[in-house]
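Working notes for the structure below.
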Amino acid sequence: MSDILKAVILSIVEGITEFLPISSTGHLILVNHWIEFKGSFANAFDVIIQFGAILSVLFLYWNQLNPFSKSKNRHQKRESIILWFKVIVAFIPAVILGLLVGDFIEEKLFNPITVAIALSIGGIIIILLEKREKTPKFKSISQISYKVAFLIGLFQCLAMIPGTSRSAATIIGAMFLGASRQVAAEFSFFLAIPTMAGATAYSLMKKGLSITSSQWIVLLVGVILSFIVALTVIAFFMKYIKRRDFKVFGYYRILLGGLILIYFNLL
């Protein structure tokens, strides 16, 4: 299988899974294993294609995120600035913990059994959370306080374990703290921007990036594809959760976790 075809497959997987609560990292680890896309370039590729997913959030929510828009009044501009401060506050725990134990986790836990267990446990938690009958306290992002934002950031740290899902950890955390599904999902999207950008920059600085001209083409294809697919998935996801809950993602995670254990003869 050519590198360009592998890039297409991985980019589609990244775009589909990055913002759904099903673990993009877990899926990429598994797909990389099956298509045998390995080496330093493969590692860099997995990180860089996240840039396409980041762009999809900025594209869809630019008006809400941009504090310098001429179409906004002073109050709306202030709301955008406050939103960014809350996102940064939520980002801080992942920065600290990532610097302390990120390398250890990558070395010890990036394997199929960890992914399978994390997927299954996360699926069970999602199902149990959705069975609670609780009226949301936060029905708009502006109602999320700095304290709640920081606590959501603590939940995000759980996503360092592959298979957990950054989206699942932050959405579950936000809902547990009182956010509606829509607010939890949107805050998770916004928190992804500094988190994924920071992880990408750190990974590239640590590992360096030495690639050929043909590999640049592969990277470009990957970023564009992940952008387009993520754009479509976010739009679908937000429409979906207006009418339904997250249980289907919980069941999917449990099923996939079980299949991984069977496939790798881990049972």
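Here, residue 1 is simply the first one shown, and the rest follow in order.
Glycine residues also receive a Cβ, built from the backbone N, Cα and C atoms like all the rest.
Under the heading transmembrane segment, TrEMBL lists 7-35 (among others).
Sequence annotations record features per position, and here TrEMBL assigns transmembrane segment to 41-62 (among others). Below 8 angstroms of C-beta separation, residues 7, 10-11, 14-15, 18-19, 28, 32, 186, 189-190, 192-193, 196-197, 199-200, 203-204, 207, 209, 211, 215, 218-219, 222-228, 230-231, 234-235 of the same chain, each at least six residues beyond the ends of the transmembrane segment (41-62), sit close to that stretch.
As annotated by TrEMBL, transmembrane segment applies to 83-103 (among others).
The feature transmembrane segment is assigned by TrEMBL to 109-129 (among others). Outside the transmembrane segment (109-129) by six or more residues, the chain places 21-23, 26, 29-30, 33, 161-165, 168-169, 172, 175-176, 246-247, 249-254, 256-258, 260-261, 263-264, 266 with a CB less than 8 A from a CB of the stretch.
Panel annotation: around the transmembrane segment (150-177), residues 18-26, 29, 89-94, 97-98, 101-102, 105, 109-111, 114-119, 122, 125-126, 129, 136, 138, 144, 183-185, 187-188, 191-192, 195, 246, 249, 253, 257 of the same chain, lying at least six beyond its termini, place a Cβ under 8 Å from a Cβ of the stretch. What TrEMBL records for 150-177 (among others) is transmembrane segment.
What TrEMBL lists as transmembrane segment is 183-204 (among others). With a cut-off of 8 Å between Cβ atoms, the residues of this chain six or more beyond the transmembrane segment (183-204) that come close are 18-19, 43-44, 47-48, 50-51, 53-54, 57-58, 61, 65, 83, 87-88, 90-91, 94-95, 98, 102, 136, 138-141, 143-144, 149, 152-153, 156, 166-167, 170-172, 174-175, 234, 237-238, 241.
Panel annotation: around the transmembrane segment (216-237), residues 3-4, 7-8, 10-12, 14-16, 18-20, 45, 48-53, 55-57, 59-60, 185, 189 of the same chain, lying at least six beyond its termini, place a Cβ under 8 Å from a Cβ of the stretch. Residues or ranges marked as transmembrane segment in TrEMBL: 216-237 (among others).
The transmembrane segment annotation in TrEMBL covers 249-266 (among others).
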